[in-house]
Amino acid sequence: MSSSVASDKPSASASADTAARRPGTANGARWALAAALLGFFVMTLDALIVNVALPEIGRGFGGGMTGLQWVVDGYTLMFAALLLSAGSVTDRIGARQAFGAGLVVFTVASAACGLAPDLGVLVVARLVQGAGAAVIVPASLALIREAFPDPAGRARAISVWAMGGSVGAAAGPVLGGVLSELSWRMIFFVNLPVGVLALFLLTRTARSPRQGDAPFDWTGQIAAVAAMGGLTYAAIEAGDVGMGAPRVLLALAVAVVAAVVFLTSQARGRNPMVPLALLRARTMALSATIGFALNVGFYGMIFLLGLYLQQEQDLSPMATGLAFLPMTLLTAVVSPTAARLAARFGARMPIITGQLLMAAGLVALCVPPASAPAWLLVLLMIPVGTGGGLAVPAVTSLLLDRVPAERAGTASGVLNASRQLGGALSVAVFGALVSNHAHFLHGLRSSLLIAALLVVLTAVASVLLKEKTS
């Protein structure tokens, strides 16, 4: 009898374990941060590991520069387009639930990429990967915001989360080079154990609260995909057939019409995924613009130099991956200092300083002649990475401090959608500029100068960012 009564009541150890998982408790916060860090790590690893492997993929499947651009942009396009609704979905179903779903989709798609029999299947699998990654990023940030209610603790946690991305960035090119020597397919299979571990850690956290059951904004989501997809398609195809080609003009027209439909649906819809009041807020608009520019500079440079070092300087994939290592390692070291600098001097200081460092590095990379040794390019890449390492966590932390808790997922989705769109368009536009091998170096320099100018402009605009007042 006594054992029957005891079985109807939760044990003390079970109750303690449940309490330890709750957001805001020390154990629950640690598990949440560890899972969020791994999720951000694996999606950053995947974004950068592919760039070094592009020449090997090209030799295996063909498709020319256009095909290689789609291998990169298939991922970043879906990432950017779905981030908007992913942030809203995160708010509505809960951070933990959304994060777990994103991890499952990403991990399964990674296996499909590694097994792809042709370029078309690989691009489709990359699209699905991007969909999973789109959920991982805003859900991981919302998970951190939920686990760390104190602004100072949250800023430190975001710096650690950003460091996970920096470590993924550091490991990505090197792993891409090493694994490409075996088979380019291995660069996708490496995601599987990381995804499984992150899912296990997530089981140690408590279920997240939901923010309501509002209907899904299908009109806004479809319009967002069409607008970003049309713009990216036009940029990629223009490098192959010219800006005046009918299909390029049609894609641009689709992008414009879809953008108008998106804005109209967000203004008039009963349940918009991105309320226009959020987009009109100065901090949101500036943060999104800064994030866009930072990714144009960083991912544009990675894409360009990954091709240049292998195709023009005849470096092996492994040597190319190692060439990025000093920059990415220093980026990982610098990222955690952003929170300390923001706490002491305000968030604008690391945001502006980081952008100016990145711009200086991009301009410096334009100076060396074609005969310059690879080690010189390695040194000149460092300011680009460290600048981003300072600015990204600072602008993310500032934005999350300025938005209401119930809009944290949506705001982080807008920020990261802008960042990924910047990465997608940089690959599309810069890939077109370097598609002529006879003028590769000229196209590379023009691309880097465009990126530097954009980053300088957003650095100037950053003075308008407002700090949170107590």
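Counting starts with 1 at the first residue shown.
Cβ from N, Cα, C; glycine included.
Whatever TrEMBL says is automated annotation, not expert-curated.
These come from TrEMBL:
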type     : residues : note
REGION   : 1-22     : region 'Disordered'
TRANSMEM : 31-54    : transmembrane segment
DOMAIN   : 32-470   : domain 'Major facilitator superfamily (MFS) profile'
TRANSMEM : 66-86    : transmembrane segment
TRANSMEM : 98-117   : transmembrane segment
TRANSMEM : 123-144  : transmembrane segment
TRANSMEM : 156-176  : transmembrane segment
TRANSMEM : 182-202  : transmembrane segment
TRANSMEM : 214-236  : transmembrane segment
TRANSMEM : 286-309  : transmembrane segment
TRANSMEM : 351-370  : transmembrane segment
TRANSMEM : 376-400  : transmembrane segment
TRANSMEM : 421-440  : transmembrane segment
TRANSMEM : 446-465  : transmembrane segment
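Contact between the transmembrane segment (156-176) and the transmembrane segment (31-54) is present: at least three CB pairs lie under 8 Å, with pairs separated by 6 or more positions in sequence.
Long-range Cβ contacts of the transmembrane segment (214-236) within its own chain (Cβ-Cβ under 8 Å, at least 6 residues beyond either end) map to 66, 69-70, 73, 77-78, 80-82, 84-85, 88-89, 92, 248-249, 251-256, 258-259, 261-262, 265-266, 269-274, 421, 424-425, 428-429, 431-432. Most Cβ pairs within less than 8 Å of the transmembrane segment (421-440), among stretches 66-86, 182-202, 351-370, 446-465, belong to 66-86. Contact between the transmembrane segment (286-309) and the transmembrane segment (376-400) holds: at least three of their C-beta pairs are under 8 Å, each pair 6 or more apart in sequence.
Same-chain residues lying 6+ beyond the ends of the transmembrane segment (376-400) with a Cβ under 8 Å from its Cβ atoms: 141, 145, 154-155, 158-159, 161-162, 165-166, 169, 283-284, 287, 290-291, 294, 297-298, 301, 305, 309, 323-324, 326-328, 330-335, 337-339, 341-342, 347-351, 353-362, 364-365, 368, 408, 411-412, 415, 465, 467-468. Here the transmembrane segment (66-86) has Cβ contacts under 8 Å with residues 46-47, 50-51, 54, 57-58, 98, 102, 119, 122-124, 126-131, 133-135, 137-139, 216-217, 220-221, 224-225, 228-229, 232, 236-237, 239-240, 273-274, 299, 303, 409, 413-414, 416-421, 423-424, 427-428, 431 of the same chain, all six or more residues outside its ends. With a cut-off of 8 Å between Cβ atoms, the residues of this chain six or more beyond the transmembrane segment (31-54) that come close are 21, 23, 68, 71-72, 75-76, 96, 99, 102-103, 106, 110, 129, 133, 136-137, 139-141, 143-144, 146-148, 157, 160-169, 171-173, 175-177, 179-180, 184, 187-188, 190-191, 194-195, 197-198, 201-202, 204-205, 299, 302-303, 306-307, 317, 320-321, 324, 328, 423. Using a cut-off of 8 Å between Cβ atoms, the transmembrane segment (98-117) and the transmembrane segment (182-202) share at least three residue pairs, counting only pairs 6 or more apart in sequence.
For the transmembrane segment (446-465), the residues of the chain that approach it from at least six positions outside its boundaries are 282-283, 286-287, 289-290, 292-294, 296-297, 300-301, 304, 347-348, 351-352, 355-356, 358-359, 362-363, 365-366, 398, 426, 429-430, 433-434, judged by C-beta separation under 8 angstroms.
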